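Please read the structure below before turning to the comments.
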Amino acid sequence: MTAALAPEKPDLPGSPGTSKKNGAAGSASLRSVARNYAERVRGGELGALPAVLGLIVLCLFFAALRPVFLSELNFANLLTQGAGSIAIAMGLVFVLLLGEIDLSAGYASGVCAAVLAILLTDHGWPWYGAAGAAILTGTVIGLLLGLLVAKVGIPSFVVTLAAFLGFQGIVLMLLKEGTNISIRDETILAVANNNLSPVLGWVLLAVSVGAYAAIQLRQNRNRRQRGLATAPLTLLAVRIGGLAVLGAIAVHLLNQERSRNVIVDSLKGVPIVVPVIAVLLVAGTFLLQRTSFGLHIYAVGGNAEAARRAGINVAAIRISAFVICSSLAAVGGIIAASRGNSVDPNTGGSNVLLLAVGAAVIGGTSLFGGRGRVVDAVLGGMVVAVIQNGMGLMGYSSGVKYAVTGSVLLVAAGVDALSRRRAVQR
């Protein structure tokens, strides 16, 4: 959680998070870090804070009304049911950071899922070939959309709305006007339906915490060598310890037996889809916060003309963002196909796009561009999943679930607009 509240962009020399103290590099005190963060919040830089607080409140609310909400089985369901939408939302973050939109991401995932199913079932391709072809299909889709937006100059809303309708038709044609293609490949089915062994879950947690600690300490050392202010070791310890404790609790819960009939089937361990999403999160975060490409994304989203004058290839950045978005939509389609054990005309349709956009925005990504992180998609996706899951346990209809989710999205967009206005006024 502490990592989710970190600054949204990589620190640059001269930025508030990198100021020197008395002309020399030093470690800021924990109190000064908290004070600086409070000042940023008051200035409108809320980041993922509303999503984190909302997630905590929602979990406490549903747990109080339905104790089964905190059961091991339901916890595993929460982590798996929103994984497909979260993958799509991660890709949408890149497009939203530019102030653009991709309305076709949902059905793009459906097209890629259909390609996967056809190659697996009708042509007998191995899982890695079919999955690779599905992701390549997403990449080509993103390239086409990006070229139309960046080179032809058609607004992204129009391009992706046309693609939304077109891809819906392509899915119907690929599935022969409504047929359902079952997926029998065990590897693909395992992605969203199987679990890691309990031992492997602990091993992955230890490796993840160790890698995170090494990265944080290395970044601190590099900043000190460059003469920049560094985070206090106490804060680093809190971040690393918090990740270790939360991860240990999650792994312990997921390693408990969740099957109602152990004799027939045992059900325990971390769902395989969790490390899949974690890998996407780490890769996306590194790309945005530790590479020049990420800096260019933020620069173009903040002011495209200024970025162009600074020598950034704005068109290439826009095209790349759409390529990433559609490629991750393909991953979301694979996860959805795995979870449903099949592909049908509704795969990627219905409310998939709306939930993915909602996840990104609720998590803290701005609709106006220039502000957001990949982790926002995960946090927002968990908020949406908690709402859907909790209200389902309480017996509410789908209509009520959508109404509440829409209200939360509206509040998130309102908070984004107000915080941006406040930041401009300051």
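For all residues, glycine too, the Cβ spot is worked out from N, Cα and C.
TrEMBL annotations: computationally assigned, not manually curated.
The shown structure was predicted, so the numbers you read here are calculated from the model rather than taken from an experiment.
The region 'Disordered' annotation in TrEMBL covers 1-27.
Nonlocal intrachain contacts for the transmembrane segment (46-69), taken as residues 6+ away from its ends with a CB within less than 8 angstroms of a stretch CB, comprise 1, 4-5, 7-8, 362-364, 373, 375-376, 379-380, 382-383, 386-387, 389-390, 393-394, 408, 412, 415, 419. Under the heading transmembrane segment, TrEMBL lists 46-69 (among others).
What TrEMBL lists as transmembrane segment is 75-98 (among others).
Taken from TrEMBL, the feature transmembrane segment covers 105-121 (among others).
With a threshold of 8 Å between CB atoms, the same-chain residues lying at least 6 positions outside the transmembrane segment (127-150) that come near it are 100, 102, 104, 108-109, 111-113, 115-116, 119-120, 156, 159-160, 163, 167, 185, 187-188, 314-316, 318-331, 333-334. Residues or ranges marked as transmembrane segment by TrEMBL: 127-150 (among others).
Outside the transmembrane segment (157-175), and at least 6 residues removed from its termini, the chain residues within Cβ reach (under 8 Å) are 101-108, 110-111, 114-115, 118, 141, 145, 148-149, 181, 343-345, 347-349, 353. If you look up TrEMBL, you'll see 157-175 (among others) marked as transmembrane segment.
Packing against the transmembrane segment (195-215) from elsewhere in the chain are residues 3, 76, 239-240, 243-244, 247-248, 251, 254-255, 267-272, 275, 278: each is 6 or more residues past its ends and has a CB under 8 Å from a CB in it. The transmembrane segment feature in TrEMBL is assigned to 195-215 (among others).
The transmembrane segment annotation in TrEMBL covers 227-250 (among others).
If you look up TrEMBL, you'll see 270-288 (among others) marked as transmembrane segment.
Taken from TrEMBL, the feature transmembrane segment covers 315-337 (among others).
Annotation comment: TrEMBL describes 349-370 (among others) as transmembrane segment.
The transmembrane segment annotation in TrEMBL covers 377-396 (among others).
Within its own chain, the transmembrane segment (105-121) is flanked in space by residues 84, 88, 91-92, 127, 129-131, 133-135, 137-138, 141-142, 160, 163-164, 167-168, 170-171, 174-175, 181-185, 188, 325-326, 329-330, 332-334, 336-337, 342-343, 345, 347-349, 352-354, 356, which lie at least six positions past its ends and keep a Cβ under 8 Å from the stretch.
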